[in-house]
Amino acid sequence: MEPFNIGRSASTGDGGPLLSRRSTAATPSWRRRFPVVMEEKGDGQDAELGADSDFDPVNLLDVGMRGWRDRAASLQGLRKSRSVAATSTLQDGLLKLPRNPSVRSALPPISMMERVLTKERRWAQELEARSGGAKLTLPDEYYASLAVAPHASLIFLVMLYHQALASHGLHDEATKIASLLEGIREAEEAEAAAELQGMDLLLKDGLLELYLRIQPYLPPVPSQIVKFKSIEYTANVFVADEAYETFLTKVLGLIRGPIAKKKGPRRFRMLKDVTGYLMPGTLTLVLGPPASGKSSLHYVLSGKLHAGASVEGSVTYNNVPLRNIPTHRLAAVVGQSNDHLPLLTVRETLEFARKCLLAFKPEHYGPELKEILGDALKRGQDPKLEINMSMMGLKHVANRIVGNAMIPSISEDERYRLTAAEMFSGAHAVYFFDQLNTVAEDSITFDLLTAIRIFTRVRQITFLASLLQPSSEVFDLFDRLILLNEGQLVYQGPRQDALHYFENLGYKKPKHLSTGEFLQEVTTADGAEYLQPGFRKLTVEDFVIAYKSSSLYRDVLRIVNGPELVQELWVQGTPPLGVEFDEYRHFKDNGVETTSHVVSGVTDVYGSLVSVSMDQTTGVQRGDKVVAFGSKTGPLEYIDTFNSTRRFQEDLSGAIANGTEPVRLQLERPFTEVTRESSDEFSRDYVLSIKEEISLLIKREINVIWRGKFGLKLRIFQVLVLSFFVGFLLFRVKNNADQRNMNLFRTAFFVSVINMTMFNVGQLPGLMSERSIYYKQKGAHFFRPISYLLGKFIGSMPFSLCEGTIWTIIVYFLTGMSLADGGWHFFVYYAVIILTVLNGSSMVRAMSFTARDMDRAGLSIGVLVTLFVIFAGFLMPRFQVPKYWLWFFYINPLQWAITALVINEYNSGTYSMLCKDIPVPSRLPQCNGRGEQTIGHAYLARGQFFTGNGWIAVSILMLSACLVFWNILTYVALTRLQHSRIMRAGKLCKEEKKNDIGSFRGEDVELAVKKLSHVALPVTLSWHELSYDVIIPVINRPRTVLSSVSGWGEPNDMVAFLGSDAGGKTALLNCLAGRKVVNERIGGQILVNSFPKVQKNFRHILGYVDKIDAYTPYLTVRETVAYSAALRLGKSSSKQKQDYFVEEVLELTELTHLQDTLVLSLTNDVTFDQEKRLAIATELVANPSVLFLDNPTKGLDSSSATSIIHCLQQVAKTGRLVILTLNYPSQRIMSMLTKVQILKAGGETVYFGPVGTNGELIRTYFEAIPGTLLCPPNKSISAYAIDLVGDMPFKKSEKDYAFEYRVSELALRNHVHLQHLRRSKGQNGPKVQIRSYGASFSSVLYQTILTVQRQYWRNVSYSWGRMIGYLITSVILGSVFYKLDQTTTPGLNSRGGAIFASCVLVGMSNAQNAIPQVIQMRAVHLRERAIHQSNILVYNIAYTLAEIPYLMVANLIFCSIFLPMTNIAMQSATHFIKYWFLSLEFYAAVTFLGTFLAAVSPMPAIASVLVPIVVGMWISTGGLVIPRVKILDTFLWVYYTNPLQYALDGLSSIAFYCDLDQPSCLNSGLNPACENTTRACPNCECPRMTDTGNDIFVWRQISTIRSLDNKWIPYDMVALLLFAILFRILTLLAFKYTRHYRRT
């Protein structure tokens, strides 16, 4: 395979703007459009011109500048323009610059202005002298307009003057102006070149020029011919719109048990009998309707299949089966998701990708390459990285972080280009782009593809991409087309031949339709409108049969089935072609003699087929065989379609020799593979060694954590708060011979290991979000899984060490732990804490990659933490553990951590006193019978701990073993698991849509305007000189996003705002709607029916279509629409009228067939258009007068986008005003619009007015502006207009079209109409005075309660998941604490520990589970609050009433299992009910605490951190781990404001209370001897302690230690009820006053 000939200058063809990267100053548009010196005419021509024309030299300026003076005259009528008012006229030939700094900054240097205008004045004076002193009068407005004119306009003005001089034969004067322009050009180029350096200097002549220079010195890419034959691809698909689950179906499923048939994924055939090929140097486009198999084709050909998928047929790379080659090194897939580490910069992301994927680094460059790239290398630049960023247009954001939805930074299209650039960082031979322009604007897609086209041609890579809405100019960049429908091939062939092919089948493209739109719809039900009379309508099967009968398919089969590896190339050129053809005879494989035509030689080195061109897939060589030929306007004709080779030769020769019509050829040559050395580089699994990968990943991990300052501060804050709290709570515990003080240190150890483990749970959301990034990079073989694991582990270790160090230093020294024996006990404590932290982080990391989703990961961690806490040796001693749980006790890392800490402390010299020497033996019950042991050893023995110091080493080894286990589990998950699903709309949705859509398209089948039973208030909305500023957070400075924007919309209008992302179109939409903006920063005036807009009234007649996540996911489509109707239609509309109106709206928005589908089921890519329809219906049912939509066609294919706009057109025709933003709408969509406002960067208007048929009025307006390029025939009007504005960072406009609009006649007419609207109050409609929707409070309350109850009933992951969590926890706790004997001290403590564990574990789980539910509904609350659909009080009531029943049932399940198994509160039904009710109150309070923390936190991470902090404080001051008498007075307020304390006191009283004053016992104090001996009251049934030596009652023992009183149970219940109410009130206040809920 031959590369391009780089010895000649490259003819760029239609390469696009990225071929040349010169600045606008270096290559101005006037320089490209006009020659510097015009050709001189002969004398005869001059004489003839002078005789025939009425040329008057005095009026020469008028001839050259008539258009300019007309605009200046228009400017005179718009004197309110500040920029004009700030200027003064020209005096003595010099220009006085305006004082306004913003105007001054837009002007060129004064010396250049003086130079141009002074010469103009001098030439005008010369003309006056020629005319005999006649005065040349120019109005002052002319000079005023010059003063504010952009640089390019002044240059063009001089060019007009030049043309006028030359056209009238004044060549001397024209030459002077030409020399002036040439001087300006040279000065600008020199100035621009001086600013360039490094790679920017190398790229100034274009990307193609650079690639052609360096191509010979780069290692060759092993080009691949990809063949696929009879592909049948079947995968597991989760159908989105099946019958949804409810709480009841879950219960019934549990009852049915294993006999019930579980629903799982369905097996779908994604591709069926697909055969074709991909060639090097060729760009192939895949098109098709949604769910046609486009994505599946990419993944099958790249070898990256979904889990559970199966493939039949063959895929080969250079005739080698796919399974035998390392496709990860040869093929790269750019998917639809743009997942990147948000805290890395763009440059860092690409540097990481380049290091992982590219083996050819700067140190490997040869001397020739180093010479070419010398300047860049000297400046320390990475040429590959810089070229990559230039290709993708990312240079301007190179040093900005990538960001994500929570951290706004770069835009969505920039993030997509980063995804592409990441894969282009390697040296792959085949690239697959799945949905290339999903989020990118059309011009960005064009520039991106232009750069990829250059790369593909020069490097001879193979490229396949699918697109959603390809414009004609984007479509024309491709060479070949693959068209799919229902997983079958309906066309494969040259891109130029597609229209001819379908026209022969009877389907003709209308003029207003782009080729891409036509091809996506032609094989669907929508294609019927393109069928020509006399032809039969074809089904998908008919299209497949027709394709397989064509010469296109026969040619594909010839190539795919051919034993030899041949390369097909497609070239085109205009005669002279520069080559000649000859024929030669040869024998086919079957022995038949045939004749072929080959390129025999080069006749002209400058021929169109010899020169390098982007129109050719590669250069033509001698020996290339002709396979097919055709003209530019006709399809290729294949040689096998000709009856004789002589006829083929005659037709071929005639086509080449005949005239100047372009010729297209398909040539064929034997394929030459690259050398073995280059192939070996691509056969390696990974570019880097394991050591290099680990080092790189460690640096990345440290960088990501360090860059996440907010998360890092949260972690440090969490550690500091709890460590100081514990340290001061146990401040300076006395190390004396007192068991209660020794228990406090044991408590400190327990709290330490629990907190060190729980601190890491907050990392779970980040790890889950990072999982998709890992899957992408693992699939591309960035690194080995073991390298990733070690990189994560080692990279996060310094921060874990920091946490452990802070905790150790603060807690150890504040509590006064042992410093005896040289202080080595401190280091043992430190080592154990560090190992505990590492175990916690490793456990969370393992669960994040093992569990399928966030809910399952959280449940798994909850169960593990429950077991860890129970078997930590604190709540239940070793000998109390049931035998069937003993295995877990010995593998529990927390148990070994506490064991090491207690042995380390109590075997220290601080506790070396012998038991026989203690002064007060009663304070150390553990010393009974252990007089020769130290008090520390005796304490360990009584607590059933190991006693020898050797167990410290064993504990550390076990902690290390657990650490290894978690990492092994993580490694297995990293290598074996990949959690991903294929989502697809169900059969019902698909069939209904197929039958419905398309019936309304086309002139012949246009439906009548649908009427609605509710008539909207007619509204004319106008905006006058609107401006808006935003504050940039980092620099705290304002930035203007709207500047003096004016326009209007009337009933039945559909007004669209167009422009780039920086144009402010969304800001304008939000300003008009009064949503998501700061009203104080809005300038100008907004009028509603000529009255000033009052937002509190206007919001009741507007509809604002929000994102799908702003609607309750667990309601059906009909319920969502009906809920909006019930709350917003008011009292005047009865229930019957509301239902009828809902039916009308569902029919109008074409959602009737989906009315029983959950909103949650619509949130996938396949049903994206249905999501938009639901959002429209929800707002439309409120009967709005004005409907606002922000880019409703984003992410949709052309058919769905047109369907949505048609739906909005029907809405507008019902007497409503529809205002929307759009990105590059197609011609068909443009025709549906009434008015368009086009904005440029900074929010300035460049056009506002009518659209016309197919955008004709817009095109006419811009083309009439002098110096404006004409609209190409293959470009949509929207793309033409927006590209003219030139708001792209790397493509600026040389003309200020905002200025052109301000001085235009159109602006003057608009100004007059706007002034008329100001003065026509009451003529266009009444004043809006609606202050509310009118629904009664009871109605709102009822509807909200009903909606929330439905949400809980269907949200099985939350409601049912909580039930399962309660069930699992009850079984675990019941089995662990089964029938414990409470008459022993360990048994008594264990039973108290069981109550404590049930409260803490279940309560904390409730709080954590409530957080994502609140976060999920935040967008819903924001939307409904913004439109005042409901109020916060109603929401709080509804959610409280919804939460309580499920808590009651869940707690009943828990108590029914836990209490009988542990024999707690089983004395009577009263005891059971009391226990159930009091624990219910506590669980409700903690759940509402989680709701409050989620509401008050701007991000979920903050709430996840706050919950452990609060619960940690509650645990420490709950009265169990630290008795009340040992809590310092400073922290007693925490004790009394602790709900856990009231719950533990009340529940313990219920569990242990026995009436000692009954007659059979103490008899109300009359039998005091019963207190210490059973003989005094043998009939007393109250249990006694058996191991204390004094027969004390169990209730007396526990009530004395814990300060319990049975009489306080009602007060405990009241206190918990008040806590629950308090947290609901705080939640209400958080919803109302927190900043993130006030932004509406």
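The backbone N, Cα and C atoms fix where each Cβ goes, and this holds for glycine too.
Quick look at what TrEMBL annotates:
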{"type": "DOMAIN", "residues": "255-511", "note": "domain 'ABC transporter'"}
{"type": "DOMAIN", "residues": "1026-1266", "note": "domain 'ABC transporter'"}
{"type": "REGION", "residues": "1-27", "note": "region 'Disordered'"}
{"type": "TRANSMEM", "residues": "712-731", "note": "transmembrane segment"}
{"type": "TRANSMEM", "residues": "743-762", "note": "transmembrane segment"}
{"type": "TRANSMEM", "residues": "793-814", "note": "transmembrane segment"}
{"type": "TRANSMEM", "residues": "826-845", "note": "transmembrane segment"}
{"type": "TRANSMEM", "residues": "857-877", "note": "transmembrane segment"}
{"type": "TRANSMEM", "residues": "884-903", "note": "transmembrane segment"}
{"type": "TRANSMEM", "residues": "950-974", "note": "transmembrane segment"}
{"type": "TRANSMEM", "residues": "1360-1380", "note": "transmembrane segment"}
{"type": "TRANSMEM", "residues": "1432-1461", "note": "transmembrane segment"}
{"type": "TRANSMEM", "residues": "1473-1494", "note": "transmembrane segment"}
{"type": "TRANSMEM", "residues": "1501-1522", "note": "transmembrane segment"}
{"type": "TRANSMEM", "residues": "1613-1631", "note": "transmembrane segment"}
Going through 743-762, 884-903, 1501-1522, 1613-1631 one by one, which has the most CB pairs that fall under 8 Å from the transmembrane segment (826-845)? 743-762
Let me spell it out: take the transmembrane segment (743-762), skip the flanking residues so only those 6+ beyond its ends count, and list any with a Cβ under 8 Å from a Cβ in it. 714-715, 718-719, 722, 726, 730, 733, 803-804, 807, 811, 815, 817, 832-833, 836-837, 839-841, 843-844, 861, 865, 868-869, 872, 874, 894, 897-898, 901-902, 905-906, 943, 1408, 1501, 1504-1505, 1508, 1512, 1515-1516, 1521-1522, 1526
Among 793-814, 857-877, 884-903, 1432-1461, 1501-1522, which stretch has the most Cβ pairs under 8 Å to the transmembrane segment (1360-1380)? 1432-1461
Per the Cβ filter (under 8 Å) with a sequence gap of at least 6 from its ends, the transmembrane segment (950-974) is approached by 774, 778, 785-786, 788-789, 793, 828, 831-832, 835-836, 838-839, 842-843, 845-846, 849-850, 891, 893, 896-897, 899-900, 903-904
What residues elsewhere in the chain lie close to the transmembrane segment (1432-1461), defined as a C-beta under 8 angstroms and at least 6 residues from its ends? 1337, 1340-1341, 1344-1345, 1347-1349, 1351-1352, 1359, 1362-1363, 1366-1367, 1369-1371, 1373-1375, 1377-1379, 1394, 1398, 1402, 1406, 1421, 1425, 1472, 1475-1476, 1479-1480, 1483-1484, 1487-1488, 1491, 1624, 1627-1628, 1631-1632
List, by number or range, the same-chain residues at least 6 past the transmembrane segment (1501-1522) whose CB is under 8 A from its CB atoms? 711, 714-715, 717-718, 721-722, 725-726, 729-730, 744, 747, 750-751, 754-755, 758-759, 761-762, 764-766, 874, 1392-1393, 1396, 1400, 1403-1404, 1407-1408, 1411, 1415, 1486, 1489-1490, 1493-1494, 1531, 1534-1535, 1538-1541, 1544-1545, 1602-1603
Near the transmembrane segment (884-903) in space but 6 or more residues beyond its ends, with Cβ under 8 Å, are 745-746, 749-750, 752-754, 757, 828-829, 832-833, 835-836, 839, 867-869, 871-874, 878, 940, 943, 945-949, 951-952, 954-956, 958-959, 962-963, 1375-1376
Could you please provide the mean pLDDT value for the domain 'ABC transporter' (255-511)? 86
